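Among the features that TrEMBL reports, CoA binding site is placed at Arg175, Gly176, Gly177, Lys178, Thr295, Asn319, Ser506, Arg567. Feature annotation from TrEMBL assigns ATP binding site to Gly371, Glu372, Pro373, Asp395, Thr396, Trp397, Trp398, Gln399, Thr400, Asp483, Arg498, Arg509. If you look up TrEMBL, you'll see Val520, His522, Val525 marked as Mg(2+) binding site. Taken from TrEMBL, the feature domain 'Acetyl-coenzyme A synthetase N-terminal' covers 7-64. Marked as domain 'AMP-dependent synthetase/ligase' by TrEMBL: 67-452. If you look up TrEMBL, you'll see 514-592 marked as domain 'AMP-binding enzyme C-terminal'. According to TrEMBL, the N6-acetyllysine annotation covers Lys592.
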Amino acid sequence: MTDTTDYAREYADALRDPEGYWQRIAQRIDWMQPPTQIRDVSFHADDFRIRWYADGVLNASVNCLDRHLPARGDRTALIFEPDDPNGEARHVTYRELHARTCRLANALRNLGVRKGDRITIYLPMIVDAVVAMLACARIGAIHSVVFGGFAPQSIADRIADCRSKLIITADEGMRGGKRIGLKANVDAALALPGTNSVETVLVVRHTGAAVAMQMPRDRWVDAVVAGQPDTCDPEPMNAEDPLFILYTSGSTGKPKGVLHTTGGYMVFASFTHERVFDLREDDIYWCTADVGWITGHSYIVYGPLANGATAVVFEGVPNHPDHSRFWRVIDKHQVTIFYTAPTAIRALMREGDAPVRAASRKSLRLLGTVGEPINPEAWRWYHDVVGDARCPVVDTWWQTETGGILIAPPIGMEAKPGSAMKPFFGVRPALVDADGKELQGEAAGNLVLKDSWPGQMRTVYGDHARFIDTYFRAYPGLYFTGDGCRRDADGDYWITGRVDDVINVSGHRIGTAEVESALVSHAKVAEAAVVGFPHDIKGQGIYAYVTLVAGQAESDALRAELIAHVRHEIGPIATPDHLQWAPGLPKTRSGKIMRRILRKIAEDAPDQLGDTSTLADPSVVDSLVRNRRGA
Ligand code: PRX
């Protein structure tokens, strides 16, 4: 996207002839057999299909590694920046990354892993995490990366859902100077029901801590890769063969396994990475996400490596050892493109400009954000202070389900603080009202997509009906994003946030149902309802209403115990920010909890409760309002 008219022309081209456009774009990656069938799509439930490049054959790891070896094998693929700023930063070349990937891939094959097997990866932000993903891709195993902040129960649920055969973890992780017992969490997960599919646990030696090894199940990675050849025949993969599963929260039930396939995903991740970030040959690119999220998959691993870029892998956190860490790392590695989340920007903005000014940031050329709506104030600070008012800011809207960026400001177009602006090439957003009627021009409504793009998820692992029900039933023939959105008179899009029961906490999706089920799994809890509320730093916080079992006394100690219980069941990211005792919950006469009312109370807007006359017992509302957080 070089200038505004170029954007408009290319956007129109892609819509006029999607087949021709996406066939051309597919040539950016290496195919063992180039596709002749480009797209085959229907969003209608009775005739449903999403297939891209269906007769193409390729291997994702070959695209990320082998094809760079002849001309740029000695170029740095990854720069590892450890948690400890005094630790050793390491440059890993494409040649070295290739050799390490092949050795692990050979070891996995020796351990009996075959195409289609599921492998769970539970690692910190270290180079081994990238190696593990690529080694799976090399042999056609489907990886399921579980964020290192998830607790044993969450790991176990994800293992059980996809019946993983093998887990790759580390002795410990390091974050902000604190050790995280990853292997211990895996041990605890494997003691839980439903995890007996796991035959082998491979352990990366990272901090060197002593960990319990349970033979013959547990093996050190350095031991199994020792003596393995540093080449490995890549598994030929059909474009529609699965590449990975990534679990994400929805409005109901347990997290769902979002499944991405190989061909379309690789084309879309690499293409969007190049065009949205205006990638150039000498860029040093840094995305601060974790590989446990989709942003890490598409824009630390698959997109940048397929493009032969140099990417920073950062193990640490923005506020350790102080609030200048991001900016010092930018100077240290001469980062040119920096991609982070609004929550990090807001947290750092609160510390003032001095920590930013402590670093020069001269190398920076472009800034990006992702994960949640960015408020204009934070956008301006990012642009004016971090970017010294000379770097464009790209606010990128997308989802785990979309595989890559769908809405972002075209390079060269004047940005509007807080707007993700224009659809990417080939992407057809629309706004609909509650009845599914498409809204034209300047409007606000629910954001849908009218047609497919190559990086779209293909199914919910093991539950195709849930895939169709979740995304294609609300508005037949359209993909429903779950987001609310406004379009202004210039046709620019402004995402306003989730309209379903998903809370976006610091850019991480948490389903209200997950937190509720963690709460009610505590013996003293009879019932729980969870909603989001506006939070200065996190975007949204978690607000829990809890009704205790009869005879149990409310106390601050019990409140702390319940909050700790959620943390223990799901992980720190799901920790409720506020827990209010609810002698009763507002329910309709048919027993449905009226979340709209609970949201307004949590927002401290008791004058906007709306009609409460349909409640079975309207009096419960008065007591909730009286005891609300803001009261
Ligand atoms: O609500 C939108 C919000 O994050 C959701 C997707 O979350 P997840 O699947 O975890 O992926 C996050 C990283 C791609 C969306 O439904 N979201 C993401 N990016 C933006 C955003 N909201 C507003 N502006 C964005 N740029």
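Our numbering is plain: 1 for the first residue shown, then up by one each step along the chain.
Backbone N, Cα and C atoms are what each Cβ position is placed from, and that goes for glycine too.
Here the binding residues for CoA are Arg175, Gly176, Gly177, Lys178, Thr295, Asn319, Ser506, Arg567. Their largest Cα to Cα distance works out to 24 Å.
Checking the recorded positions Gly176, Thr295, Trp398, Ser506, Lys592 against ligand 1, the ones whose Cβ sits under 6 Å from it are Thr295, Trp398.
Comparing C-alpha positions, Thr400 (ATP binding site) sits nearest to Ser506 among the binding-site residues Gly177, Lys178, Asn319, Ser506, Val520. For the binding-site residues Gly371, Pro373, Thr396, Val520, a Cα-Cα cutoff of 10 angstroms around Thr295 (CoA binding site) retains Gly371. In the structure as shown, the Cβ atom of Arg175 (CoA binding site) sits within 10 Å of 17 other Cβ atoms. Summed and averaged per residue, pLDDT over the domain 'Acetyl-coenzyme A synthetase N-terminal' (7-64) gives 97. Counting in whole angstrom, Asn319 (CoA binding site) lies 24 from Thr396 (ATP binding site) by their C-alpha atoms. Using a 10 Å radius centred on the Cβ of Gly371 (ATP binding site) and all shown protein chains, the other Cβ atoms total 23.
Sequence-ordered, the extra residues of this chain that approach the Mg(2+) site, with Cβ no more than 8 Å from the Cβ center of Val520, His522, Val525, are Ala518, Leu519, Ser521, Ala523, Lys524, Ala526, Ala528, Val546, Leu562, His565. Closest to Trp398 (ATP binding site) in space, going by CA atoms and restricting to the recorded positions Gly176, His522, Lys592, is Gly176.
Ranked by CA distance from Gly371 (ATP binding site), the recorded positions Gly177, His522, Arg567, Lys592 have Arg567 at the top as the closest. In terms of C-alpha distance, the listed recorded positions Val520, His522, Val525, Lys592 place His522 closest to Lys178 (CoA binding site). The maximum pairwise C-alpha distance among Gly371, Glu372, Pro373, Asp395, Thr396, Trp397, Trp398, Gln399, Thr400, Asp483, Arg498, Arg509, the residues recorded as binding ATP, is 18 Å. Taken residue by residue with DSSP, Arg498 (ATP binding site) is part of a strand. Candidate binding-site residues: Gly176, Thr295, Thr400, Ser506, Arg567. Fewest other C-beta atoms within 10 angstroms, Gly176.
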